[in-house]
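Worksheet: one structure, shown below.
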Amino acid sequence: MTVALRPRAAAPWALPGAVVLVVAGTVLSMKVGARPLSWAELSDGLLHFSGAPSDFVVRHVRLPRTLCGLLAGACLGLAGTVAQGITRNPLAGPDTLGVNAGAAAAMIAVMTAGIGSLAGHVWFGFLGGAVAALTVYAIGGSGRDGATPVKLALAGAAVSALLTAVTSAFVLLDRDLFARYRYWIIGSLARAELPTVGQALPFAVAGIVLAVLLVRRLDAVALGEDASRSLGARPGPTRAAGLVAVVVLAGTATALAGPVVFVGLVAPHAARALVGTAHRWVLPLSALLAAGLVLIADVAGRVVIAPEEIHIGVTAALLGGPVFLHLVRTRKVAAL
Amino acid sequence: MVHALGLSDRLVGTAFLDAQVVEPYAAAQQGKPYTADLPQREALLAANPDFVLAGYNNVFTTTGDESISTRADLAALGVQSWINAPLCPSADGLSDEAIDPAQVSMETVYADLRSLGRVLGAQQRSEELVAELQAKVATVQERVAGKERPQVAILLNDDDGSYRVASGIDFGTRVLEMAGAENAFGDLTERRHVAVSKEELIARDPDVILTSTCCDASYTVADGEPDVQQIRADPALAGSTAVREGRVYPFLFADRAAGIRAPYAAERVADLVHPE
């Protein structure tokens, strides 16, 4: 089954440009901080660890932070693209499918129970997101037509509202819990550590592979229910597989950086503005743009009010917001 | 402070102690009505106090999750209030913004004790107390005079593994100075606590790190040990001078408050930073 899509006479420089953006973001993220590092300090820190102060900065602060940003950004960009694709909803993201509300509720549950550290909690968030998304899919998929985009969106909104109410009730009644929850909900790369990156890597790879396998099916689903069925595609299984990809990708990103929702919303739109709607271009471009945005937003957060830092959740939205507004004003964004 | 002024019998309620009451007065706190959380406005008024003494400004602000009532509102109900001057809001509704750096000194604490003594009718005891504290500080300062002043950072361990430091307008800076040390983050003066990156900590590389363990009425210095362990185990800080030389020490948040603990705290910090 092949689907011919309107090939947009799109910027041939888009992908190389995005690669340059990510490389630039990576370099900035390694070099810029409380004290700028020279190239020599950077290479020494990476290759010849001797115990100098700059070595600790490179190995234990900048490197984990940069890797976290790259991985989380790419996952968010892919998750957003797949979520928008399977729901054919331009505003969709992991949050539309209940993933974030589920993750937050699970975090609150373990924080209330008082188990372990924040680093230990994040994987409960992953689990909570998965359970919530499955619930959304089960509810949205019941009935005669199966999981249609509208039913998924409505089920997602309902489950999210319910979970958010529970979360708010716990958080607002307990001052200490709120303080801890705040650290998580805001999204930050400051807590990045290499072991977390290592734990997240297999999940990220699995999510990326799944998203790549879905490329053609997402194009078919994009044509609409009837057209895709008439082409012999089966939207149901595609949505189920897409949902799994979104949960894995968004869950990994959330475990790494907290729920930085906005990146997943804006990156696919920016990608489609550049290369049209074919997912074989949109997916990689969205991943690259999201990673670049996350890295540059993190660097900006380090320098704006130094020696304090602004969390990435804030800077990413501040940087991505104007881009998104520009897209909304100049293009037909809903073209999915 | 009330215990030190010898007025323990007048306390109708105590709340939200950050650590065990400092040694010579710990016994006086025994058996006093105590609640671990800050009281809600109603609970406070239910105790029918004539006078409310607060150690921190946030309980009197107009907003914020620790606000109980503004001082003006309490006054309207005939309840007088008191707040230690180094942290005193210049107007109701302000928190750390109200701190006047020039007021953050032991002199202000002494002036407070004298005024409080006058207000509560224990003038003579307050004079004695001020003299006691002044003598204590003088002894410490004599001991450390002319010695090199090490850079010290007071770290608050946050839940997500990041840190905040006590800034130049925190009373902890005065405690460090009395003890013959310097706050490595003393140049930051916007708020009492500043969230700094680990990079900044590595770059400033303090000679000594003190924790800021808080808050439970049972806490003694020994309860700071988990915070110390956490800082020592942080791989990013493994190369810093304080961690390498084993100079990370438990310290109590309460010991850097503007009050009678400060001279005792200075004594202990002097022991830590000038062991010779």
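Each residue, glycine too, has its Cβ placed from N, Cα and C.
Within the same chain, residues 37, 42, 58, 62-63, 65-66, 69-70, 271, 274-275, 281, 284-285, 288-289, 291-292, 294-296, 298-299 sit at least 6 positions outside the transmembrane segment (A:12-30) and bring their C-beta atoms closer than 8 Å to a C-beta of that stretch. Marked as transmembrane segment by TrEMBL: A:12-30 (among others).
Tertiary neighbourhood of the transmembrane segment (A:67-86): same-chain residues 22, 25-26, 29, 92-94, 96-97, 149, 152, 189, 192, 194, 196-197, 200-201, 204, 207-208, 211, 214, 218, 221-222, 238-239, 242-243, 245-246, 249-250, 252-253, 256-257, 260, 263-268, 271, 279, 282-283, 286-295, 298, 312, 336, selected by CB-CB distance under 8 Å and a gap of 6+ residues from either end. Taken from TrEMBL, the feature transmembrane segment covers A:67-86 (among others).
What TrEMBL records for A:98-115 (among others) is transmembrane segment. Long-range contacts of the transmembrane segment (A:98-115) within its own chain (CB-CB distance under 8 A, at least 6 residues past either end) are made by residues 121-122, 124-133, 135-136, 155-156, 159-161, 163-164, 166-167, 170-171, 174, 177, 180-181, 184-185, 246-247, 250-251, 254, 259, 261.
Sequence-distant contacts of the transmembrane segment (A:122-140), counting only residues of its own chain at least 6 positions beyond either end whose CB sits under 8 Å from a CB of the stretch, comprise 94, 97-107, 109-110, 147-148, 151-156, 158-160, 163, 184, 196, 199, 203, 239-240, 243, 246-247, 250-252, 254-256. The feature transmembrane segment is assigned by TrEMBL to A:122-140 (among others).
Look at TrEMBL and you will find A:152-173 (among others) tagged as transmembrane segment.
According to TrEMBL, the transmembrane segment annotation covers A:194-215 (among others). Remote same-chain partners of the transmembrane segment (A:194-215), defined as residues 6 or more beyond its termini with a Cβ less than 8 Å from a stretch Cβ, comprise 59-60, 63-64, 67-68, 71, 74-75, 78-79, 81-82, 85, 119, 122-123, 126, 238, 241-242, 244-245, 248-249, 251-252, 255-256, 279-280, 283, 287.
Residues annotated as transmembrane segment in TrEMBL: A:240-269 (among others).
Per TrEMBL, transmembrane segment is recorded for A:281-304 (among others).
The transmembrane segment annotation in TrEMBL covers A:310-328 (among others).
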